[in-house]
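Engineer: I grabbed these lines from TrEMBL:
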{"type": "TRANSMEM", "residues": "6-31", "note": "transmembrane segment"}
{"type": "TRANSMEM", "residues": "43-63", "note": "transmembrane segment"}
{"type": "TRANSMEM", "residues": "101-122", "note": "transmembrane segment"}
{"type": "TRANSMEM", "residues": "142-162", "note": "transmembrane segment"}
{"type": "TRANSMEM", "residues": "189-213", "note": "transmembrane segment"}
{"type": "COILED", "residues": "261-288", "note": "coiled coil"}
{"type": "TRANSMEM", "residues": "305-324", "note": "transmembrane segment"}
{"type": "TRANSMEM", "residues": "366-396", "note": "transmembrane segment"}
{"type": "TRANSMEM", "residues": "408-428", "note": "transmembrane segment"}
{"type": "TRANSMEM", "residues": "476-494", "note": "transmembrane segment"}
């Protein structure tokens, strides 16, 4: 009967997992279709973007599953359940581990082969809409560079030494080495781990750039709202009249047949371009003012303010928790050579205190950890949407509703894939003990033998062991957390100082064509 109950619970879990996958696919399709350009949409780029976004979201969902499985094997009193013997435990651990490697292998395939190939294919197609075979060959030639980088990372990972020089005060590191041995080096997948960890460092840089800013910009934009469409139309009309009068004054100089000077011709050209942009703004503002969606948004304005206040409180909670966790590592870890790894917590933080309290009521702790993961994903999307895609100081693409180019969508999904890889370490930094052991309890409470008993009586999540397989990457993540906190605080100050956003923020630019106004009814019904 116990085995039947277990089988029933596992079947229910798999059904829920299947529903979650379906929800992820539907969300990915809606998100990509919302932002892609209707005039430049391509089937292959759309499918690639949807698939990559879905893989990113599925990968982020693996952390709560990992924590749930290690917690599910034990009773509340600290004893293992009857069915959770050594073989079953190892099978579950291996299943989760292979789940990670499968998803991470797909991410490697997307980042180093599929997304670059599709991107370069459409770059070539835009320049010369001719021979398809030639486009494929050229795209594959450029993609070989990414494949070479991947091969180099795999080779380095296959031979990189995991040991570090011995030091006198290395007790913490020796404990961590026990965890690595428990992780099992016999899997022969160190090369893949190194490649994924390298991408995680890039994801860390993307999170510092986009997620940190999104955590400050998203809530403050909800709180401040946007300017009134009627007020913007009034200002825009005044600007149109001013530009028209300026044009008339300049053109009046040539009424007697005299040609305009080169300076006046340049000024006329600039003013005419400015006038076209203002008239496009006028059409957009008129459509927004008449749409039912605008009226609906105005009706739920108080709800947006409440959500904005909630999100800013959550962001501050995360920042404080991250600061205390990093401070704990700075004060109590074995230092740089161990990757600033510590076992347990010496300085507790609000989130690490909250999760054990929620463990008493199933499944509140899993709901919270899933919410945190999704919060990082959505704030990352908000950061990318607000900032656009940059290469150092050069802006490559803008992310705009209904006007995003296929290449920009591919970049967006690739950045999200990299950020998701770093999300697991961010969650570990916020709640280290919970990510290591979930809601497991151990029987013996003797502090001196605590670590040995934890290894014997508690199962460590695959997430934790995967994150700390290479000490030098752990050290990079540690410094990245400090940079994340700094960028968040800077973004918070900048967002507070900025005024309200325009109701058509990013919808109208000088480089838009007038054809883009033909799709207004799609966005503003």
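From the backbone N, Cα and C atoms, a Cβ is placed for every residue, glycine too.
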Engineer: Do the transmembrane segment (476-494) and the transmembrane segment (305-324) share at least 3 Cβ pairs under 8 Å, sequence separation 6 or more?
Structural biologist: yes
Engineer: Within this structure, do the transmembrane segment (43-63) and the transmembrane segment (189-213) have 3 or more Cβ pairs under 8 angstroms, counting pairs 6 or more apart in sequence?
Structural biologist: no
Engineer: Have the transmembrane segment (43-63) and the transmembrane segment (366-396) got at least three CB pairs under 8 Å, pairs 6 or more apart in sequence?
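Structural biologist: Output yes: the transmembrane segment (43-63) sits against the transmembrane segment (366-396).
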